[in-house]
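**Student:** Below: one structure in structure tokens.
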Amino acid sequence: MYVYADNAATTAMSKTAIRAMEPYYDTLYGNPSSLHSVGQRAAEALEAARAKVASCLGAKPEEIYFTSGGSEADNQAIRSAALVGARKGKRHIISTAFEHHAVLHTLKKLEREGFEVTLLGVGSQGLVKVEDVAAAIREDTALVTIMYANNEVGTIQPIAEIGALCREKGIPFHTDAVQAVGHLAIDVERDQIDMLSLSAHKFHGPKGVGALYCRKGLPLLPFIEGGAQERNRRAGTENLAGIAGLAAALEEANVNLERNAAHITALRDKLIDGLSQIPHARLNGDREHRLPGNVSFCFEGIEGESLLLLLDAKGVAASSGSACTSGSLDPSHVLLALGLPHEVAHGSLRLSLSEYNTMEEMDHILKVVPEVVSYLRDISPVWEDLEKGVKTHVI
Ligand SMILES: *Cc1c(COP(=O)(O)O)cnc(C)c1O
């Protein structure tokens, strides 16, 4: 058995999404900007996809801009709001310490350009407090950008309350909803969201395509110059196959949202209950305000990368908070933001589930993870010190 449990990194495409894309590689190859009928059929398909995406978010079609993914949507939303704010002398931005790098690195760059950024703490449970957002707001705040749900520890933020606060203060509110869209019921009106980023490959759509919702009336600056596509906000011939795949995947996810969430939550809870039995293990992030598919643990005395490699060999694809992919041995900024000590954050494991996973697969994970953890502890000098009392247990 091989279990794919890394759906927060990316998902397998749904058959519906694949089928929706096929015509655009074959018969519907027109350029939506062309005036002839081949182009016009493509333009109609583009607008149909836009309307579908808008309706899944409670938005209007003219508020949806297609991008190359979640990172581009985050970059554009944040840079645009910052530059628009700066025209009015507002150069302060509020965000959180555990955002995705697409947000944090954009903010770092803006800091170098003279903006001031307040990164709010998220506490030991990985939740932003609305009072903290309120306290950080200043006269010159140009933007509040806070993720809907965290990609590593799965915690869902009080988005509607933050939206209401920002609306009351007249400050644009952006949310990176890449982990939430397709998994939680999203309504930009209910939550008073001004800008929202999403990405197709996180809900069984294709990679390399996403969207930015930007409320009508809020200025949105382009960062790719060229043609007049996307109402002059994003130049370049549209990735029509990708856009059609995104819209089909999102519609499918929304239609099945409740059923999928019930199934995935049951899988998640089985894993959380089972893995909690491992001694010196800790669930990362609040258990209640949590994405249906997220399971994140730290195991004391082990090292995330070894855990992942052994799990892979035993038929489980998972991920770790340690940034081994980036070539750095620093533990993830997300786990550090939750206040975990470095050595504990190193032993992290994220299992992220989708509706394609089964209970039998959870049984396999629950058999394999304790075996691998105990094997790694047996050969770990750190664990030996903990057991001899040379070091004290933190978990
Ligand atoms: C995956 C992810 C992104 C980046 O999306 P891409 O489409 O891969 O660029 C941004 N934010 C969050 C929270 C994510 O999980």
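Yeah, the Cβs are placed from backbone N, Cα and C, and that goes for glycine too.
Quick paste from TrEMBL:
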type     : residues                                                     : note
BINDING  : Gly70, Ser71, Asn151, Gln179, Ser199, Ala200, His201, Thr237 : pyridoxal 5'-phosphate binding site
MOD_RES  : Lys202                                                       : N6-(pyridoxal phosphate)lysine
BINDING  : Cys324                                                       : [2Fe-2S] cluster binding site
ACT_SITE : Cys324                                                       : active site, cysteine persulfide intermediate
**Student:** Ranked by the number of other Cβ atoms within 10 Å of their own Cβ, which of the binding-site residues Ser199, Thr237 ranks first?
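**Tutor:** Buried the deepest by this measure is Ser199.
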**Student:** How many whole Å apart are the CA atoms of Gly70 (pyridoxal 5'-phosphate binding site) and the residue listed as 'N6-(pyridoxal phosphate)lysine'?
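**Tutor:** Cα-Cα distance, Gly70 (pyridoxal 5'-phosphate binding site) to the residue listed as 'N6-(pyridoxal phosphate)lysine': 9 Å.
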**Student:** Between any two of Gly70, Ser71, Asn151, Gln179, Ser199, Ala200, His201, Thr237, the residues recorded as binding pyridoxal 5'-phosphate, what is the biggest Cα to Cα distance in Å?
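**Tutor:** Overall maximum Cα spacing for these binding residues reaches 30 Å.
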**Student:** Looking at the binding-site residues Gly70, Gln179, Ala200, Thr237, which have a C-beta within less than 6 Å of some atom in ligand 1?
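**Tutor:** Gly70, Gln179, by Cβ distance under 6 Å.
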**Student:** If you skip the near sequence neighbours and keep only those at least six away, which residues in the chain come within under 8 angstroms of His201 (pyridoxal 5'-phosphate binding site), Cβ to Cβ?
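**Tutor:** Once residues fewer than 6 apart are set aside, His201 (pyridoxal 5'-phosphate binding site) is near Thr10, Thr11, Gly69, Lys207, Gly208, Val209.
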**Student:** Run through the Cβ atoms and count how many others sit within 10 Å of the one on Ser71 (pyridoxal 5'-phosphate binding site).
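**Tutor:** A 10 Å sphere around the Cβ of Ser71 (pyridoxal 5'-phosphate binding site) contains 20 other Cβ atoms.
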**Student:** Any idea what the Cα distance is from Gln179 (pyridoxal 5'-phosphate binding site) over to Lys202 (N6-(pyridoxal phosphate)lysine), rounded to a whole Å?
**Tutor:** 7
**Student:** Can you tell which of the binding-site residues (Asn151, Gln179) has the fewest other C-beta atoms within 10 angstroms of its C-beta?
**Tutor:** Asn151
